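Per TrEMBL, domain 'Cytochrome oxidase subunit I profile' is recorded for B:38-558. The feature transmembrane segment is assigned by TrEMBL to B:15-37, B:141-162, B:186-210, B:230-252, B:272-295, B:307-333, B:345-367, B:379-402, B:417-437, B:449-470, B:490-515, B:592-622 (among others).
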């Protein structure tokens, strides 16, 4: 649906249709629900934080080096996805695609490291079924990781669509929403980094 | 899961065999009728794939009524079992456990919630002068997640075995040790699939109401039902993700041996209780606030007055929605949280009575000096006020933590929540359905049969549940499947059972009324069928489903009760100088197929059949990708078509009046 009231030059592409505007607002509502979802997971994690039931404690397996690299990878990817939106606003499709590509590579790198981390922990005896602590750890991080994987798949689909159809109000709208999602996952990771890793390794 | 094939189909109980046979016959009957009358294509094109909010609303209501029949039969079986001491009717405790579990779950998740969502779908976009909801595709998807989630839950009683841990599914009672077999898995996955759609509905209606109101409709001019829809949708967004996570964790505990809720390996059963009620208490308001909205609409219409204290009503709803998240511990005062915690939740619970009281007095003040017409929706609304108040007052009694140690887990509680949920939600579902029936089907339900149904149901309801307060005070615990003559509970239980059957008969009259009215009631052509008393915008457009664009010209709102104002000012909202093209979304089969895959995936998980679960997951992803790539921009209803449609309606009206 084309907007009747403000189709001005100033309006960014992703806001130019009524549907596009609804999609973005609806996605903010969805992110509200996602905040509740992750809050519940964090709440569970903090309730169970000392309940390792005489199995392996997190301090024995957490490796801060890897987690720091993961953190920098994901934070950088959030930055590059922001640059992609910046280029989109300027109408530089090629540069926008490149930045999305870099975001994807960083996202996949993060996922690879997370899978490596999980396998490593499992080999040291910390799995989903080891204790309540580890159940909540893997559910919280696994949910975040699954979201990242979904985000990667989503960005790939959008890349294909921009290649096929160019930068239209519809594809711009999708890219903008996907980048909102990507920033959100980044914010969640900051809470994971402090609440899960820093809390156990540095503070307690 | 090691499940033998002979355990796959539930055997042994005569009632379940009867159920299996009736399901089989009904399915064959439906297939035969659709094939014989060549209706498959019609069903697919006009209904299954429809993105029209009114049709989706109707589908919600039909499916909820079917679920109401199932859960109602469960209720009557329970009441029969408890009618006399040491009744052999249901055979054993296990069967009774399964029936009260499915009764509770279905009534809350698959009747109350979707029934109200159905009414929201029918009325809310019309009330705000919108063409459709913000996300029509998502709306269709929401309906089918509810439908297929409900189907997954319902087949449990003939395949694999029904859940038996109560609708609140407390751990460790719902764990593999104490609830072996797939029954509880059906509960978890059925609710999970439905919950996705409910969350989507919440988002959809928030965006619809905040973004798509007609020109001039400020927030404080919105009809009360629209307000309750908005606030309810916000509660859904805040509460349903908690359920999603809790269900996922219990699913993990049962399927992959995690330790969230079992003491073994460090888990905490109390965490399930907290998370369940952290969702479950707001859920109570998800199913009561829209009911308040419906009664507000009906009372203003048939008292022929503006709603008294509109602003205080809005603030009351907002206050209730906030408080709804702060009271969850009152569901388990006796679990040893300590006096400080219990006091806090006791006081916050009692605080809810304040805004609710404001609303009750507002309704009474609206009635005061109104020109009351005792139509069928109105008698339901009038019946609601005293009955709901009884439920509310006993709720305050339960909110006293110290006293709750006496009532806890007795029939006093059972009676309390039936008084609020039936007199609130179910009365509203009937009232709203009858009130908006002309908007949905283009005719009014027969009033004589409607009044019969009302009185039978009202009396039956009180005969059934009022004695239960006394049974509770007399110490009868809930969830027991039989009792001894010397317990002294026979008389009141027997009366209660009689009441339950009266409600059953009332429901049969309702179903008969639908058939009777379809055959014999005159068709409604004006669009404002309640004696011209309509106040809000849904009555400004023509009746029944066909004009799929809702309004040929989007009305302009000049105040509260927009349509009433237009009538006062002598404005005809349907008078159109120039017809315009209208953009509408296309129908789509994608959500239906996606939800079938959700069903398949859920079914695979229930039985730990991983290949089937994976097939379901892949199917869901393919549907999502298909949707992402589709370039469906909807279609244009041309000005010419709109003109023809509208002139046809005008002619029909002239014919009727002339």
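Numbering starts at 1 and runs along the chain as it is shown here.
Each Cβ is built from the backbone N, Cα and C atoms, and glycine gets one as well.
Put simply, of B:141-162, B:307-333, B:379-402, B:417-437, B:449-470, the stretch with the most CB pairs closer than 8 A to the transmembrane segment (B:230-252) is B:307-333.
Scored by C-beta pairs under 8 angstroms, the transmembrane segment (B:379-402) has its highest count with B:449-470, from the stretches B:141-162, B:307-333, B:449-470, B:490-515. Sequence-distant contacts of the transmembrane segment (B:272-295), counting only residues of its own chain at least 6 positions beyond either end whose CB sits under 8 Å from a CB of the stretch, comprise 108, 112-113, 116, 119-120, 168-171, 223-229, 231-232, 235-236, 238-240, 242-243, 245-246, 249-250, 260-261, 317, 320-321, 324-325, 327-332, 335, 359, 363, 381, 384, 420-421, 424-425, 427-429, 431-432, 435. Among residues of the same chain six or more beyond the transmembrane segment (B:307-333), those with a C-beta under 8 A of the stretch's C-beta atoms are 220, 224, 227-228, 231-232, 234-235, 238-239, 273-274, 277-278, 280-282, 284-285, 289, 292, 296, 299-300, 341-342, 344-346, 348-349, 351-352, 354-356, 358-359, 361-363, 365-366, 368, 398-399, 401, 404-405, 408, 560.
Same-chain residues lying 6+ beyond the ends of the transmembrane segment (B:417-437) with a Cβ under 8 Å from its Cβ atoms: 61, 64, 107, 112, 115-116, 119, 122-123, 284, 287-288, 290-292, 294-295, 297-298, 301, 376-377, 380-381, 383-384, 387-388, 390-392, 394-395, 443-445, 450, 453, 457, 461, 464-465, 468, 510, 530, 538.
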